[in-house]
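Undergrad: Take this structure first; my questions come after.
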Amino acid sequence: MRKRWLIGNWKMHGNLAANKALVDGIRERLPVLSESIDMVLCPALPYVSQMAGLVADTGIMLGAQNASDHLKGAYTGETSPMMLKELGCGFVIIGHSERRSYQGETDGLMGRKALAAIDSGLIPVICVGETAEERDSGRTHEVLGRQLDAAFGYIRTAHDEIIVAYEPRWAIGTGIAATPEIVQAEHAFLRARIAQRDADFAQRLTLLYGGSLKASNAESVFSMPDVDGGLIGSAALNADEFVAIYKALDNVVNKSAKDSAKKGQA
Ligand code: PEP
């Protein structure tokens with residue numbers, strides 16, 4: 001069975017006191033993490049060092065929200081993935097729709113960033129997703145396929161540690177999550193697309209859903225067979241919600257373990 005993941009994208013929120021309160025809040029509600037579910041928190045860049053201290057020895061892992069496609073050099077204002085690794089990050093979100101929209105990031109840049117992240121020892125969380133207009137005009141698969149191919153054109157599937165997040169742009173920050181059926185259909189499409197390159201890898205690939213997930217809709221989405229967890233934005237800023245989403249994922253994992261055990265006995 002694939003491992004499950006819950007990743008919190010804190011976006012451009014937080015400060016020293018609020019970050020500590022949020023990590024403390026998560027730990028109070030969830031003193032012990034499930035062995036089957038990894039938790040990653042992605043704070044704003046200036047707080048990565050503070051967060052490395054806060055999550056030390058907790059089992060919670062650290063990610064960044066962006067990194068350069070270069071490892072070093074004259075790139076004023078950029079952050080090397082090697083620097084993030086040195087500060088304690090294990091992950092980096094690549095190609096988030098907000099960076100595509102506001103920073104004009106392209107598919108090619110996303111691929112180069114993913115490669116630089118892997119070369120630095122980080123696991124890239126590669127975001128793909130269609131706009132409402134692309135979905136309405138029947139171009140969802142064309143867009144998802146193009147974005148995925150662009151990223152995997154730079155990286156090789158032989159790298160086991162790659163996470164892909166399906167984040168429909170119309171669902172991010174809007175309060176309108178994709179239905180479980182839509183999520184499953186698009187995850188199955190993404191897995192099949194990767195299978196054309198490497199069938200074994202496609203079965204191992206972690207596929208997360210992101211877009212207005214909250215405690216009330218998480219379990220139905222996590223119950224879908226091709227969903228391996230979630231990338232959570234606004235709800236990750238609230239310890240109650242975030243932990244409730246984690247527990248929803250834990251319920252799904254436990255149910256599926258029970259179902260497999262029953263099948264084994266039958
Ligand atoms: C995100 O920013 O990756 C995200 C999923 O945001 P939200 O959960 O707020 O829609």
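Cβ atoms are placed via backbone N, Cα and C, with glycine included.
The active site, electrophile feature in TrEMBL is assigned to His96. Marked as active site, proton acceptor by TrEMBL: Glu167. The substrate binding site annotation in TrEMBL covers Asn9, Trp10, Lys11, Gly173, Ser212.
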Undergrad: Between Asn9 (substrate binding site) and Glu167 (active site, proton acceptor), find the distance joining the two CA atoms and give it rounded to the nearest Å.
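TA: Distance (Cα to Cα, whole Å): 12 Å.
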Undergrad: What is the number of other Cβ atoms found within 10 Å of the Cβ of Lys11 (substrate binding site)?
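TA: Result for Lys11 (substrate binding site): 17 neighbouring Cβ atoms inside 10 Å.
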Undergrad: Can you name the residues of this chain that are 6 or more positions from Gly173 (substrate binding site) yet have a C-beta less than 8 Å from its C-beta?
TA: Ser212, Gly233, Ser234
Undergrad: Can you tell me how far the Cα of the residue listed as 'active site, proton acceptor' sits from the Cα of His96 (active site, electrophile), in Å?
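TA: If we compare the Cα positions of the residue listed as 'active site, proton acceptor' and His96 (active site, electrophile), the gap is 8 Å.
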Undergrad: What three-state class does DSSP give Asn9 (substrate binding site)?
TA: strand
Undergrad: What whole-number Å value do you get for the CA-CA distance of His96 (active site, electrophile) and Lys11 (substrate binding site)?
TA: 10
Undergrad: Using a 10 Å cut-off, grab the number of neighbouring Cβ atoms around the Cβ of Trp10 (substrate binding site), all chains included.
TA: 22
Undergrad: For each of the binding-site residues (Asn9, Ser212), count the other CB atoms lying within 10 A of its CB, then report the residue with the highest count.
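TA: Of the binding-site residues Asn9, Ser212, the highest Cβ count within 10 Å belongs to Asn9.
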Undergrad: On the three-state reduction of DSSP, what should I expect for Ser212 (substrate binding site)?
TA: coil
Undergrad: When DSSP states are folded down to helix, strand and coil, where does Glu167 (active site, proton acceptor) land?
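TA: Where Glu167 (active site, proton acceptor) sits, the three-state DSSP reduction gives coil.
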